[in-house]
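Down below is the structure, laid out as structure tokens.
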Amino acid sequence: MEGSDGSPRMSTEQENTEMHLIECMLKHFKTQKVAISNAIRSTFPFLESLRDHEFITGKMYEDLLDSCRSLVPVDKVIYRALEELEKKFDMTVLCELFNEVNMEKYPDLNLIRRSFGCVFPNELCFQGIDGGNPNSQLSLEQGPGASYSQGSPNGSSLDLSASEGWRSNDRRNSNLMQANQTENHQLAESPGHLDSCELQVQLNNRDATPESCSLLPQNEERAVQLNYELQINPCFVQLVDVKKENSSFSLAGNQQTRARTNQNEDSEIIELSSGDSDNGENFSEATTTVPSQPAPAYSRKPPTLRRDRGGDTSDTESSIIIRRRKRTGRKKRERLGSYLIRNIKIPMKPSWKTAFLARSANPSSQRRRKRGPRIPREENADFGGAELPVVCGNAQGFLDKEKFKQGIYVRSIRGKTGRLFTPMDFEIEGNCEKAKNWRQSIRCKGWTLRELIQKGVLQDPPRKKKETPRNPRQTRRQVNAL
């Protein structure tokens with residue numbers, strides 16, 4: 001009866017531990033969503049892997065890609081996918097997130113994966129993400145009592161004693177952890193803080209071997225010892241950043257350059273820090289500087305490559321388009337050279353300036369409008385006759401002065417064939433109708449009719465037609481008809 005009562009209680013405890021573990025992991029996953037979205041710089045192969053393993057639907061996959069095509073930042077798209085994973089969160093989600101392909105494609109996920117290992121001090125819950133079975137790792141959290149119950153068919157009393165011993169060990173370990181926190185806080189303020197951190201790193205490296213994590217305790221004392229070793233030094237080595245500060249500034253004078261190089265020596269900084277756990281445990285951090293050999297002042301430093309680690313990548317495509325437009329505008333200006341706008345002089349390049357000045361200095365090379373040959377004038381011409389010879393283009397004739405006085409609509413010009421023309425018709429006959437200025441088109445001995453009118457040789461003809469008198473016979477007939 002005791003054995004039958006113990007097995008349901010152990011199963012409920014196992015379920016409670018599993019639920020507690022998943023809740024802690026989910027809580028830590030929520031806090032790390034922004035960091036994960038910032039670490040994943042491209043959608044491939046992250047979104048494709050989620051779709052292939054049916055963590056997201058095909059429709060949602062297409063929606064995420066459409067948002068990327070609409071110039072939405074990649075980190076916001078990844079954050080939206082992580083919100084979908086949060087709804088279906090379990091250990092398989094973490095296994096898919098930190099698989100080998102993603103770790104190789106996104107190296108920044110290594111630090112985030114290590115932070116999940118610090119959720120529990122013993123780090124046993126996170127080993128399933130590295131390729132093991134999550135269920136087998138969860139069995140380690142149950143304590144040695146579960147292994148005894150599975151190994152012995154009728155060991156109910158052993159199960160109870162083992163579970164009680166496991167609870168007592170947890171109490172001891174919690175007390176030891178509080179004592180270690182106070183000691184670490186005191187050592188962090190003491191001058192020998194670096195030595196203590198180096199000792200903790202060595203102990204942690206010795207305890208973090210796969211053998212110590214994979215072997216199950218065979219008895220209660222072995223379990224207490226293993227748990228104590230894992231909890232006494234939970235600090236782990238984390239390579240945060242390696243910075244190389246180069247001093248490549250050349251100052252005037254040898255003394256200034258020497259002082260500058262002595263102050264700004266190259267250094268490599270390695271930070272040893274511990275991840276923050278959900279239990280509120282803050283461990284000591286230490287930095288060790290390894291100075292390198294100072295470079296001579298006359299040596300040139302190679303250009304350092306900087307990678308933009310900004311979270312917002314919305315400017316990736318739009319900024320590239322703007323830069324291309326600026327480049328094309330600059331190239332176009334360089335190709336066209338300097339120019340004049342509204343009589344505002346712009347500095348010209350030497351090549352353009354010499355060409356422009358040389359062209360302006362040589363009048364023969366300038367392009368200008370070609371003018372036809374001038375019609376010679378007769379200075380001492382006689383305009384006393386009744387008829388004057390006139391010319392308009394290819395047409396030639398004689399102008400009758402008396403008829404010209406009557407008006408412009410009178411046929412006062414007689415051609416060579418004997419045909420009579422008005423001044424406007426004679427202009428059309430000489431193929432100068434486009435000018436529409438017969439006073440300027442028709443000439444007499446080289447002088448235009450306008451000039452002859454101004455000199456008084458010809459009288460300016462009236463523009464109106466002369467009314468012809470009515471026939472008296474027709475007027476009488478009209479009166480009689482009335």
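Glycine is no exception: its Cβ is also placed from the backbone N, Cα and C atoms.
According to Swiss-Prot, the listed position annotated as phosphothreonine out of THR209, THR422 is THR209. DSSP labels the residues of the domain 'SAND' (378-459) in these numbers: 24 helix, 21 strand, 37 coil. Look at the domain 'HSR' (6-121): DSSP puts its residues at 88 helix, 0 strand, 28 coil.
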